[in-house]
């Protein structure tokens, strides 16, 4: 009897020690373990420069089944369970994509290459960065990052959430989603409705709702944020009926759901292009999908190569109607949002990566016309649209430097500034909206880019994450360091409270009837009515001129 009691006591002690060990690993251990609904994950403890707290990282956690075989061009399915402890110490494979243009036109300027991750169709993973002290019950705000890349490239390993997590005491989640043809091909019918990449994002957010408490996060305080096509994704999630309730705030950096070239009402154009590129010349959409499912990784990469960007579609599921209609609908219920742009969005990165024009050469009228034609094709806009834009932005000007600045403003307004302002106007009467214009050119880029540059597309990212391309440390000036800390606090305060303002920060007013916005520069200031005269052109003059041009054509057709 005594022996039985002794064994029971020893067993209880052993269980207690094991429980303490697991709890220790879950918090301060160099080899932390956390539990998800599909199994345990081993992470790493990272010591963050400039922060008192360490951060635990859990990389490459599956949030869906690998989208292979019959799951290619199909909605994501829940992940399968695993036994034992899964290794979460290395980045996941990136989704299939063509990296040639980005590496040759952009990263080469910094003598850098992409992180040496493998590339695979099996890529539906997310990574988590959580303060080392966090535990289930910490209820920390959660910030889910959606990367940009024109919906054709990008990866989780390009971003490091450690600094944001450590300095602002938040849980950062970075997700991957299918890209290019695998992510957004559609036949426009039941055989391939499309928007697979967007559905992946929804699946990742559902996973966060189920599991983030195990990593110290609060599932009732989730903010989604993204840049460029990531901002478009965030904005699209805000209007989509199937993602409601999965997040509670949204930050759209240089990209919204109305960005031309990233949304199409019809799948016809992309479907036809893909059919031609793939040599799947079947007229029947079911046969076309079957043919594409049989293509190898190398063949899919070859089909992807010509796409510099690819649009989502009105699929009846994720987007039951065009985002503009959803934004204007009476039943639209947005979440509090930060919406913003940079003041030189088309200055350097996009023209280089998309090879629109030579950024090192002076631009004459002929070069501007050729560049405009390339952009109209990419953005799927009619030639008459381009003529009206040239008339408004460029006129008869022939001075090369002025011409280039006018062309850059025209394209930045078309793609980013005007759509962002339109979304802000749609949302601000129904939920709080905070608008910003980022204006600072990073000091470390001044020797690489033309001297007239301001804040280019993506320039705000190192200030939000306090790192550059996969965690590379940046040498900020002291003033830039202060700007970065302000921006991190604004973003994290918004994730905590739905309001970016806080102690020690310059006041950021709501975007409302007065159209006030924050100018994010070394000395932040409040501005008012950004691009007011251009917005009037886009809202009133341009639609009226297009209608006037279309009316004679309609009369001619009737005759």
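Heads up, the Cβ atoms here are built off N, Cα and C, so glycines get one too.
Just so it is clear, the model here is predicted, and its values are computed rather than measured.
Annotated in Swiss-Prot:
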| type | residues | note |
| --- | --- | --- |
| SIGNAL | 1-26 | signal peptide |
| MOD_RES | 27 | pyrrolidone carboxylic acid |
| CARBOHYD | 111 | N-linked glycosylation site |
| ACT_SITE | 228 | active site, acyl-ester intermediate |
| CARBOHYD | 276 | N-linked glycosylation site |
| ACT_SITE | 345 | active site, charge relay system |
| ACT_SITE | 457 | active site, charge relay system |
| MOTIF | 556-559 | motif 'Prevents secretion from ER' |
Sparsest Cβ environment (other Cβ within 10 Å) among recorded positions 228, 276, 457 belongs to 276
According to DSSP, residue 228 (active site, acyl-ester intermediate) sits in coil
Residue 276 (N-linked glycosylation site) to residue 228 (active site, acyl-ester intermediate), Cα to Cα, whole Å, comes out at 29
Long-range Cβ list for residue 345 (active site, charge relay system), cut-off under 8 Å, min separation 6+ in sequence, same chain only, gives 254, 411, 412, 415, 416, 417, 456, 457
Model confidence over the motif 'Prevents secretion from ER' (556-559), as mean pLDDT, sits at 48
